[in-house]
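TrEMBL lists Arg60, Thr61, Arg110, His138, Gln141, Ala263, Pro264 with the feature carbamoyl phosphate binding site. Among the features that TrEMBL reports, L-aspartate binding site is placed at Lys88, Arg171, Arg222. For 11-151, the entry in TrEMBL reads domain 'Aspartate/ornithine carbamoyltransferase carbamoyl-P binding'. Residues or ranges marked as domain 'Aspartate/ornithine carbamoyltransferase Asp/Orn-binding' in TrEMBL: 157-299.
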Amino acid sequence: MILTAKSIRERSLLGLKDLAASEIESILDRAAHWDKQEEKLVPVLASRFVANMFFENSTRTRFSFEMAEKRLCAEVLNFAAAASSVAKGESIYDTVRTLESMGIDAGVIRLKPEGVLAQLAEKVKVPLVNAGDGNNEHPTQALLDLYTMRQTFGSLKGLNVSIIGDIKHSRVARSNLWALQKLGANVKFCAPDMMKAPELEAHAPYISINEALKADVVMMLRVQLERHDKGIDMKAEEYREQFGLTEERAAKLNPSTIIMHPAPVNRNVEIDDAVVESPASRIFPQMSNGVPIRMAVMERALLL
Ligand code: CP
């Protein structure tokens, strides 16, 4: 199959901000198809080579992409920056071009520097799938989040979603904001001042923790200590008291409210240990849903 520049762009998934609502829904619908599939292995991507290129650490995203690709019988190459020539100073661009030269059909990529993914997508001739780029977007995480909400509520239209925590550094918050609003949900943020993203205020209001907990979906975010250049002027216990989903707060949620978190979780900081595995929590179903979502995304990148 020869891919034209246009089809490469259409098959890539760089973010949800510019993706049409119909495209998002079609990925969710296709994920539902794969979710129902009982056969573990389906050879739809046989003889397609996919490179998973992770320049930043990951557990869930990396393994669920690999699981999804292997379930579709793709040939999978896993690249870990620490064990590569990146450790000798090779650039992300040269690394991706190297794998492209060897004949990969698609690349899944996670990286830290802002703007590099968009530049790469202009230059490489295979579809690229964003597995998380800096603070910008994490589209497959948001897709699996939407899928999880749809599983519970049927539709996203009119759903009230509160995203609580480190909004400033969250690519998950951004991808969810863009996609949820396209599908008719109401998004509100809650964060301490140092974790607010002022540029997002025009898109979603910041509200108090008590207001935020009245939503249909309460999405907690990890405090991303590694992204705060100047550290955090708040102790973990203070953060928990002011913004954490404690057992006490969770007990007051509406009975129909669901609790989400993209994980990894700082237990007993942004969310109490007992709440992570409480009946209202969808944290582990979110992880399960990552596989059918990524099957749909890789099929779209390589086949449909
Ligand atoms: N949710 C998420 O992106 O987790 P990982 O960093 O483990 O991939």
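Backbone N, Cα and C atoms are what each Cβ position is placed from, and that goes for glycine too.
No curator has checked TrEMBL annotations; they are predicted automatically.
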Within the set Lys88, Arg222, Ala263, which binding-site residues show a CB-to-ligand 1 distance under 6 A?
Ala263
In the chain carrying Gln141 (carbamoyl phosphate binding site), residues 6 or more apart in sequence that have Cβ under 8 angstroms from it:
Thr61, Gly132, Arg171, Val172, Ser175, Pro262, Gly290
Select the most exposed residue of Arg60, His138, Arg171, Arg222, where exposure means the fewest other Cβ atoms within 10 Å, treating these as the binding-site residues.
Arg60
Could you tell me which three-state DSSP class His138 (carbamoyl phosphate binding site) falls into?
coil
Secondary structure of the domain 'Aspartate/ornithine carbamoyltransferase Asp/Orn-binding' (157-299) by DSSP, residue by residue, totals 59 helix, 22 strand, 62 coil
Return the maximum Cα to Cα distance in Å (whole number) over the record's L-aspartate-binding residues: Lys88, Arg171, Arg222.
31
Across the domain 'Aspartate/ornithine carbamoyltransferase carbamoyl-P binding' (11-151), what are the DSSP residue counts per state (helix, strand, coil)?
70 helix, 26 strand, 45 coil
For Lys88 (L-aspartate binding site) and Arg110 (carbamoyl phosphate binding site), determine the Cα separation and express it in whole Å.
19
